[in-house]
Amino acid sequence: MKFAKIKYLLLRRICQVSILVLFILGNYSIATLKNVQYKQEVGIFGGNIESLMGDSSSVLAKEPSIFSHIVQGNLSHSSWFGGIFSLTDPLSVMQIFLAGGGLALDVLLGALLVAAIYGIFLGRVYCAFVCPINLVADFANFLRDKLGFNTAQRKLFISRSTRFVILGLGLLLSALFGVAAFELISPISMLHRGVVFGMGFGIFAVLAVFCFDLFVLKNGFCGHICPLGAMYSLLGKFALLRVKHTLSNCTKCMECVRVCPEPEVLKPIGKQDGILKTMTCLRCGRCIEACDDNALHFSILHFTQKEKK
């Protein structure tokens, strides 16, 4: 297999795994515990000493790992490099704000920073390169292909606009009931916190996503339901990182459309030249990897350049 065919796949996996490992190590601590006969050092995750001992009074000292100076927290809110800056999920902030909760300055600034990075530059890159659920969805889709479910199963239709309805509904429920509605049931948060701090009942939410994508609908959660993906789609509508189509190179084989998790993005393939519509594009690079015609590549849109419809 040529490297060009998997280079973005490898980059996605390196990013996703590296982020998970960083959070695991950053939230790892060594606690020195007092025992009747001796002292004992125990590794803990997330500082949850009480669950380990039942009583934190037996703790003599707690020393964070050296990686805690790089990152602490989770994908909802994290502090980087000893608090130099924070990164916060904008959707979480919107839910908390509408629910009437207080927001610290570092949380607000972290949300603005994330919104600026994805809104101006990266678009929906979060979904393909950061989100841990992408690993689950990709594995389910891999099994679908191997088991022939894509052709054998009757296709269930769920509009891709459903995620935007769920996004609005989640914000509305947050305002009505005073809780961060989506955060309570988010399989993304459950999976990430479960990997970093220890998996609980959240595993059932993750399994539900896996089974839904495997047995019911290809890319069902990420492509049709997830409100976080909807938010990043709206946020990154005018982002500078784009996929560009060179019509003169295209042989209309449509391999790019076959592998794309958001195939409506590729409607201009074989018809129009230039920058593709990007609102729901993940910038995952699968279409570029699949294209043997060198008709697709990443491009940076200049502020003075108009997007082609």
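Glycine is no exception: its Cβ is also placed from the backbone N, Cα and C atoms.
Nobody curates TrEMBL annotations by hand; they come from automatic prediction.
Per TrEMBL, the stretch carrying the note transmembrane segment among 9-30, 229-250 is 9-30.
In this chain, the transmembrane segment (9-30) lies out of contact with the transmembrane segment (96-118); the count of Cβ pairs under 8 Å, excluding pairs fewer than 6 apart in sequence, is fewer than 3.
Sequence-remote contacts of a segment are chain residues at least 6 beyond its ends whose Cβ falls under 8 Å from one of its Cβ atoms, and for the domain '4Fe-4S ferredoxin-type' (272-301) they are 4-9, 11-12, 122-125, 127-129, 160, 229, 233-234, 236-237, 239-251, 253, 255-262, 264-266, 307-309.
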